[in-house]
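Features of the protein shown, as given by TrEMBL:
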- 20-44: transmembrane segment (TRANSMEM)
- 20-217: domain 'ABC transmembrane type-1' (DOMAIN)
- 56-79: transmembrane segment (TRANSMEM)
- 99-117: transmembrane segment (TRANSMEM)
- 146-167: transmembrane segment (TRANSMEM)
- 198-220: transmembrane segment (TRANSMEM)
- 230-253: region 'Disordered' (REGION)
Amino acid sequence: MSDFDFQIVIDSFPYLMSGLGFTLSLTVSAFVGGLALGLCLALVRHLEVPVLKQFATVYVAVMRSIPLILVLFWLFFLMPLFLQYFSADGRPVPLGPKYTAFITFTLFEAAYFAEIIRAGLRSIPSGQYEASESLALSKFEMYRKVIIPQVLSVTTPIMLTQAVILFQDTSLVYVLSLTDLLGAASKIAQRDSRLLELYVTVAVIYFVISSLAVEAVNYYEKRKKRNRLGPPIAEPLVPTSPAGEKPSTNPLS
């Protein structure tokens, strides 16, 4: 560690933080977009909507069966060739690295969120549906006011854990030459020939953020479980006699 240059870490820290900002923005955007799309896919399959159910099933199966980096390459290299058929001049329409990253992660995460939400939908007791129907709620109101809130409450810990995985996976945008946290570190490391310092620093940043996020999820899950069980019930008081004597069981005494 005598060759470890802490000064290069200090000097490059602002640039690394700018890369971290892009990483976090990509994580949040993909989480929100993937959750919205995943909810739609899950509902389509749960409600067994004709045609759309088959599409959603194939979509989820494909996205969960191929590597994320392959989807990145598909959208970056092949999508412009597909879009040329819809352009006025018939030329390829490049998406650009940033749009490719945001679209790819949103589409990819949607498949995983869809499965999480679908499992949550299947865990809701049938009595909830029957109670909603007895209140004369429409199907839209039933899902919006009764079913979906319960599903999101049940699946929140799993979805937050998936968000941590998403945060780690965003480092793959490095292959598109985007300046995320890993990309920023790589540029400085190659420029100054200080690979050890920069990559160790990035590993520490990923470790700290991921560990804190996991602990937050665990705390949320424990608190939720404690609130669901309610406060502990106090044991009934047992009357005692003076000087430690056993209380009399004779009602006439």
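Cβ atoms here come from the backbone N, Cα and C positions, even for glycine.
Curation does not apply to TrEMBL; its annotations are automatic.
Ranking 56-79, 99-117, 146-167, 198-220 by CB pairs under 8 A with the transmembrane segment (20-44) puts 99-117 at the top. Listed as Cβ neighbours of the transmembrane segment (198-220) (distance under 8 Å, sequence separation of 6 or more from its ends, same chain) are residues 4, 8-9, 12, 16, 20, 156-157, 160-161, 163-164, 167-168, 171, 181-182, 185-186, 188-189. Below 8 angstroms of C-beta separation, residues 41, 44-45, 95, 97, 100-101, 103-105, 107-108, 110-112, 114-115, 169, 172-173, 175-176 of the same chain, each at least six residues beyond the ends of the transmembrane segment (56-79), sit close to that stretch.
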